[in-house]
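A.B. asks: Submitted below is the structure of interest, expressed as structure tokens.
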């Protein structure tokens, strides 16, 4: 707003063929620069031994907080995984069948295959169940602290059970 007013006054002065100094007679130079102010701020915080604000150490970790962070992380990981899989399908030579035959020729044990399938399906199931939980919140259901913890535990149990079930297929 101030910049627009200053621009308007400046244009008015130019139109009137006056110098800007005549139009802005009460201009006061700044006492300090932003750099000096930042240096003073950081030196004060250093001498008082203050942590960065807001610092992660001031927060008490809770189940809903950790699950929110994990929900965002799984969303990013799943998006990146799908994008990379699509790009690799376009850029890597050969067909899907040839890559599948290559994996079969490695003779991996069933335990390793089951573990890999579980590791792939776990983030998907967690993001799905926690997404349903978020949709319930959008409906106004389960917003008390005790219900947040109960639904969090339910999401974790459902995630493990559905991941084990899908990995066993």
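Even glycines carry a Cβ here, placed using N, Cα and C.
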A.B. asks: Determine from Swiss-Prot whether residue 144 and residue 62 lie on identical sides of the membrane.
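C.D. replies: Yes - Swiss-Prot names the same topological domain for residue 62 as for residue 144.
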A.B. asks: Around the C-beta of residue 127 (heme b binding site), how many further C-beta atoms are within 10 angstroms, looking at every protein chain?
C.D. replies: 19
A.B. asks: Considering every residue in the topological domain 'Mitochondrial matrix' (30-62), what is the mean pLDDT value?
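C.D. replies: Taking every residue of the topological domain 'Mitochondrial matrix' (30-62) together, the mean pLDDT is 83.
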A.B. asks: Take the topological domain 'Mitochondrial matrix' (138-144) and find every residue of the same chain, 6 or more past its ends, with a Cβ under 8 Å from one of its Cβ atoms.
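C.D. replies: Hits for the topological domain 'Mitochondrial matrix' (138-144): 150-151.
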A.B. asks: DSSP on the topological domain 'Mitochondrial matrix' (30-62): how many residues come out helix, how many strand, how many coil?
C.D. replies: 17 helix, 0 strand, 16 coil
A.B. asks: On the DSSP side of things, how many residues of the topological domain 'Mitochondrial intermembrane' (93-112) fall into helix, strand and coil, could you say?
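C.D. replies: Output for the topological domain 'Mitochondrial intermembrane' (93-112) reads 13 helix, 0 strand, 7 coil.
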